[in-house]
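Colleague: Take this structure, written in structure tokens, and hold onto it; I'll ask about it next.
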Amino acid sequence: MFRSILTKIFGSRNDRILRRLNKIVIKINQLEPEFEALSDDDLKAKTDAFKARLAQGETLEQLLPEAFATVREASKRVLGMRHFDVQLLGGMVLTNRCIAEMRTGEGKTLTATLPCYLNALTGKGVHVVTVNDYLARRDAETNRPLFEFLGMTVGVNVPGLSPEQKREAYAADVTYATNSELGFDYLRDNLAHTAQERFQRYLHYALVDEVDSILIDEARTPLIISGQAEDSSELYMTVDKLIPDLIKQDKEDSEEYQGEGDFTLDLKTKQAHLTERGQEKVEQWLTEQGLMSAEESLYSPSKISLLHHVYAALRAHTLFERDVDYIVKDGEIVIVDEHTGRTMAGRRWSDGLHQAIEAKEGVRIQSENQTVASITYQNYFRLYEKLAGMTGTADTEAFEFQQIYGLETIVVPTNRPMIRDDRTDVMFENEEYKFNAIIEDIKDCVARNQPVLVGTISIEKSELLSHALKKAGIKHNVLNAKFHAQEAEIVANAGYPGTVTIATNMAGRGTDIVLGGNWKAEIAKLDNPTEAQIEAIHTAWKARHEIVKAAGGLHIIGTERHESRRIDNQLRGRSGRQGDPGSSRFYLSLDDALMRIYLNEGKLNLMRKAFSTAGEAMESKMLTKVIASAQAKVEAHNFDGRKNLLEFDDVANDQRHAIYAQRNTLLDNEDISDTIDVIRADVFNQVIDQYIPPQSLEEMWDVPALEQRLKHDFALDLPLEKWLEEDNHFDEDALRQRVLDAAIEEYKQKESIVGEQTMRSFEKGVMLQTLDELWKEHLSAMDHLRRGIHLRGYAQKDPKQEYKKECFQMFTDMLDALKLSVVTTLSRVQVRTQEEVEQAERQRQEMAKRETASMQYNADEDSGEENTRRVGRNEPCPCGSGKKYKHCHGSKAKY
């Protein structure tokens, strides 16, 4: 209560920040006449002047008003667009490590030019991050003329570029890229074998477009570079046959309830669990198949892999639906992004789930993969010195942005007042009645020439509605993962009078739906359009634009509420852009997933009783509260999941930083001999400690075993016992030093043979290769540990603390193994002098000549042709071996 009173008096924090920033907007506006008077050359010269002032100690904050005024004036001259005051506000928000919530159609692409130019003045590079290749290319080409006018270079980083093209893109002042490509390039850089193979430079400033999609919706999706593991496709096919015989049970067994089913499902977390009855049934079937013995349990340590296959197959059949979670395309399983409805080509589910779905659908099962390198988007984007983002819907997730990324969300006002009519939700008893009402609403809109965008949550639902519209005789376009190629054209036409478009979730996001259709897209289709053609197209568009405005603008129909209010707002946000008219309404039913999963049976029954007649629609404040309550539960659950993921991944992240920092140091230094010397001393001391414990009596020493170990692991044949006999006063420290000196002397002899440069290169190669191999094994071990760590909770232990503790020990063990492996490899390597190499090469060439001659003589003999001169048995063999012919090739000759 007191907070609301104070807010009314002083305004919200958002209002106070905007008031402060508005003072800077006034300064920029006051500079406009001065900058308008500048010639093009004088305006271009501002960039070098700003860089010089930065070098002299001025800050970006001090340069901001003039820099923004420069970009605004350049945009007017080059692009024909002037930044509105609200876009200047948005630019300042993005400069201050914040997230700017800017409504659809407010010009986020143009707004981004302001902070990008300012931060690029440092010369450290700026990354503009988009959700797909199309948007990265489009935005780069749109803004390229502006940046190049101001002396800035622009790069585009999308999949499929050559190494040279990638380096060029990253070297640019402003680089447009997709989030996935940036993350994968970071991982690739940390798998590089030379410094020249790396692409990325210092991660300075990232501006993330559609920041909610990347930092929240995709936060739980790790980026993984993997190599093939062992093939177990046959086992997936075998286990797949078992699942259809299992029976679902509605809830888990307890003291009060004993079910008759084999498994239960948790739809919230998409997990499946076998009941005791189910476990017995599965074990019996696996025993019959010869995959386990009757005495063994599915949960015994030796059968964990088999259990893993069973659960993967169970989840594939019961929790993942075709045309909802994935599609089958060209004989492959392609994941459908649950948030955008787009296909995610190249992505694969982990934990064997993808292989289980391939077995279920009867397509070729690809080998499982072993993780070589991985990182989450959460941890990748936290690597940037400065991070900012923009989206049309961020305020509902402001708490998460602040908690996880330290980013404050600022809502930027619209340039023109929002006049969209957001109507009350309508609830129906079942899906059939709901679809009937939706079709009637669409018919009414089409009759009035009002365009309609219908949002669905899955491909399956979009096709169901499409079928219903066909039966009703209503022409429409469908935009989902199956028709991804036509996305741009469908979105461009979605604003035409009376056009009906069905879209899954936010497919087409990032492209504005223009009332009356996109006239610029029409012109782009023409080859060398004339002024007359352009004028005709624009005139026709104006007429259509007025028709649609008179009909009420774009009408949005939501066929279900999504799990998050933010995604509902994204759908609504497609209408009412830049002060245009528009309307929206959500149609719901008690069959909707949100209702079934997150409302208890009591509330659902109460709501069913509220419907007195078939097909009745219900609108009430109670309904709005119930839906808001369900969405709040989902959002809290999802936030906890992402936070939990981050807490676990932070353990790996700290270790990743340490390994990658060490790796980069190795790549950047040609000479790592000092590091090798330190490692060698550590390893020999640890090895000696095992046989001669520190501060111990001589009776506890095992010198013969130490001699054997040094000979076997380090190729050092040292007479330790003889040394001790020769010197009665020979103590432990002296022995250690003598062993180390002998190892160093042996190593220096090898170095003198091959040369210092060769040995330095070899050391670096061994270190990198060993580090990569052990890190890969460590990632796999951490993954296995994480899968089962939740079981520690049953022993009253905190799984997170246990995970941290064990991962730290595993990491320490890995570093010890790294040192030992490197020193062992370097000690055991055999080197040869240049003379020995040349002699071996001569022998190889002589052997090759003999083999050639042998083949020739054998060919002559086998051909049946007689030689003009027969070689005598006691003459030297013509092959050059030096032997008599009868003891060489003559032994095979036919006389």
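For all residues, glycine too, the Cβ spot is worked out from N, Cα and C.
Note that the structure is a prediction, hence the values are computed from the model and not measured.
Sequence annotations record features per position, and here Swiss-Prot assigns ATP binding site to Q87, G105, E106, G107, K108, T109, D512 based on sequence analysis. Feature annotation from Swiss-Prot assigns region 'Disordered' to 833-895. Annotated compositional bias 'Basic and acidic residues' per Swiss-Prot: 833-852, in sequence order. Per Swiss-Prot, Zn(2+) binding site is recorded for C877, C879, C888, H889. Among the features that Swiss-Prot reports, compositional bias 'Basic residues' is placed at 883-895.
Could you tell me the structural context for the features on the list?
Modeller: If you draw a 10 Å sphere around the CB of Q87 (ATP binding site), it holds 27 other CB atoms from the protein chains shown. A helical conformation is recorded for Q87 (ATP binding site) in the three-state DSSP classification.
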Colleague: Name, in the order they occur in the sequence, the residues of the same chain whose CB lies under 8 A from the CB of G105 (ATP binding site) and which sit 6 or more residues away.
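Modeller: Within the chain, G105 (ATP binding site) has Cβ neighbours under 8 Å at D512, R577, Q578, D580.
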Colleague: If you take the centroid of the Cβ atoms of Q87, G105, E106, G107, K108, T109, D512, the listed ATP site, which other residues of that chain have their Cβ within 8 Å of it?
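Modeller: Everything else in range on the chain: M102, T104, L110, T111.
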Colleague: Which has the fewest other CB atoms in a 10 Å radius around its CB: E106, G107, the listed binding-site residues?
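Modeller: Checked E106, G107; of these binding-site residues, fewest Cβ neighbours within 10 Å: G107.
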Colleague: Any same-chain residues 6+ apart from K108 (ATP binding site) with CB under 8 Å of its CB? Would you list them in sequence order, or say none?
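Modeller: Those within reach of K108 (ATP binding site), by Cβ under 8 Å and sequence separation of 6 or more, are G90, M102, D209, M390.
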Colleague: Counting only residues 6+ away in sequence within the same chain, which have a CB under 8 Å from the CB of T109 (ATP binding site)?
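Modeller: In sequence order, D139, T142, N143, D209 meet the Cβ cut-off.
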Colleague: Per the record, ATP is bound by Q87, G105, E106, G107, K108, T109, D512: how many Å separate the farthest pair of Cα atoms?
Modeller: 17
